[in-house]
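What follows is a short report on a single structure.
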Amino acid sequence: MMSYSERLGGPAVSPLPVRGRHMVHGAAFAYVPSPQVLHRIPGTTTYAISSLSPVALTEHSCPYGEVLECHDPLPAKLAQEEEQKPEPRLSQKLAQVGTKLLKVPLMLGFLYLFVCSLDVLSSAFQLAGGKVAGDIFKDNAILSNPVAGLVVGILVTVLVQSSSTSTSIIVSMVSSGLLEVSSAIPIIMGSNIGTSVTNTIVALMQAGDRTDFRRAFAGATVHDCFNWLSVLVLLPLEAATGYLHHVTGLVVASFNIRGGRDAPDLLKVITEPFTKLIIQLDKSVITSIAVGDESLRNHSLIRIWCQPETKEASTSMSRVEAIGSLANTTMEKCNHIFVDTGLPDLAVGLILLAGSLVVLCTCLILLVKMLNSLLKGQVANVIQKVINTDFPAPFTWVTGYFAMVVGASMTFVVQSSSVFTSAITPLIGLGVISIERAYPLTLGSNIGTTTTAILAALASPREKLSSSFQIALCHFFFNISGILLWYPLPCTRLPIRMAKALGKRTAKYRWFAVLYLLVCFLLLPSLVFGISMAGWQAMVGVGTPFGALLAFVVLVNVLQSRSPGHLPKWLQTWDFLPRWMHSLQPLDGLITRATLCYARPEPRSPQLPPRVFLEELPPATPSPRLALPAHHNATRL
């Protein structure tokens, strides 16, 4: 009896990968049939297998035209291929176009709320920990220690959620003479690290999809990796040679610098009318506490009385007349939600923190869903090609530097690197922007945020203008030096490889992202700060063995992956150590059991195979039953 494929004249091999809960052992087809169709075809047998995700199979020359395919029961894509849908009517087409056009203003509205929620989030952190940040800055004996100064910069920037605020405080302390330029440089480095926590938090909102989360977390942590690597090289160099102090001193001495105005409000012109209705802060309280003015110790950060908006005085008005006019100006009550509540700063800060996080998460989720629906098919391909395509040869190398200029310009417009990097993080998660393109954009954002400190320094008194401008330039040259270290040559772009490794780890163990945030921005800085307070002897005694152990582990890992033959047999893997010392699997089991204790028990289902990730698949070995490499029999969850 002739089989179905023989009656058709032979099998037609389909190059498409198939998804699976059924195993097809029989002839291949020109299209992908469903299980119901296969059951009606004589000579074709299906076997149920446990599989939850696609397994891409390459074509193999099998005898009798037999191939192996796996697919889901009645997936939507296969159903569309089996039955041809009628052409949509004109009214349906118009409805689809109208829906897409309506999504654009909605998306812009959610983006506006997203940026406003970041501003309110910064205000919430300042209310909750602003005075603590001022107290930390006040102790000059601590700040004279470079390592302690670095940690102070990290913690203060995490507390106030704004590197612009922390660097402006540092510039104010330098201009008032309370802090030397050499002592302020490590704090500037720490503020650069602390500002990257915002977009890492934003990346957590895409944890629902492992692939999107892997890309988004890698795109967010590439900023962290760049800052940490730059500090590991430049902080010891600065402590030993004073490189940044001397270079910026020469630059300041060679220019005739005059005072200017504060940073221009570009994006705030749009966001402030809304955020001022929620909360208004008197940020001079934090700066006054930092410079040692105890008169404002018990003063609330919440602004109660505001000066009415008036037209700017003419430039011909004398200084005495201007001061007199300000003295005679009547103050009026501010117009925001918390002006008459009488709540303490901490309570208002916690309320705003919870509310801004809810709005932030909601806007981000809706933005991602709308971008997913808009960026489909040819539209997504065009955008990806435009953003990720390099310039034609021989100007390919210019593409990254052009992206830096774009990132710096956009950050100058929004006056916040956190806003810019948080805005591109969802696009990285969706795959619209590649990590290789996001890296120079982030570096440009690092440069763009230094303009805030430079413009704040230009507003300093004339007698302290040079020192204030010098510390602002230290911020600029620190980022330029980091770019020269970790960007020009492809082999030096370690932050990209480190970020991708972190992304893969968090895609496998999603709780690792929260652990990363706690360790890198809270526990590790606090531990280093405590050790540094015990003196340089304790710092050297603890830091030297730890640094040597870390260097040894990194070296062995590199040799294990590239040339294991150069290592002793027992050191070619970490299996000689207890499992918890070289794998997160035991901790993952504990966390899984702890979370399942609070979950409602579900009906028991057949046991699924363990999660296997592509990068952890064993070397290909022949399968005795199918005569195919083992990779093609694995199921990736």
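Keep in mind that glycine also has a Cβ here, set from the backbone N, Cα and C atoms.
Per Swiss-Prot, the residue annotated phosphoserine among Ser14, Ser563 is Ser14. In terms of which side of the membrane each occupies, Swiss-Prot places Lys100 apart from Ser445.
The stretch that Swiss-Prot tags with transmembrane segment, taken from the ranges 27-50, 411-434, 435-458, is 411-434. Among the candidates Cys306, Cys361, the disulfide partner that Swiss-Prot records for Cys334 is Cys306. Fewest other C-beta atoms within 10 Å: among the recorded positions Asn298, Thr506, that description fits Asn298. In the three-state DSSP scheme, Cys225 (disulfide bond) is classed as helix. Count of Cβ pairs under 8 Å against the transmembrane segment (217-236): among 146-163, 346-368, 411-434, 465-485, 512-532, the largest is for 465-485. Around Cys520 (disulfide bond), the same-chain residues six or more apart in sequence whose CB sits under 8 Å from its CB are Asp224, Trp228, listed in sequence order.
According to DSSP, Cys520 (disulfide bond) sits within a helical segment. Around the Cβ of Cys334 (disulfide bond), a 10 Å sphere holds 18 further Cβ atoms from the protein chains shown. It is Cys306, among the disulfide-bonded residues Cys225, Cys306, whose Cβ has the fewest other Cβ atoms within 10 Å in the structure shown.
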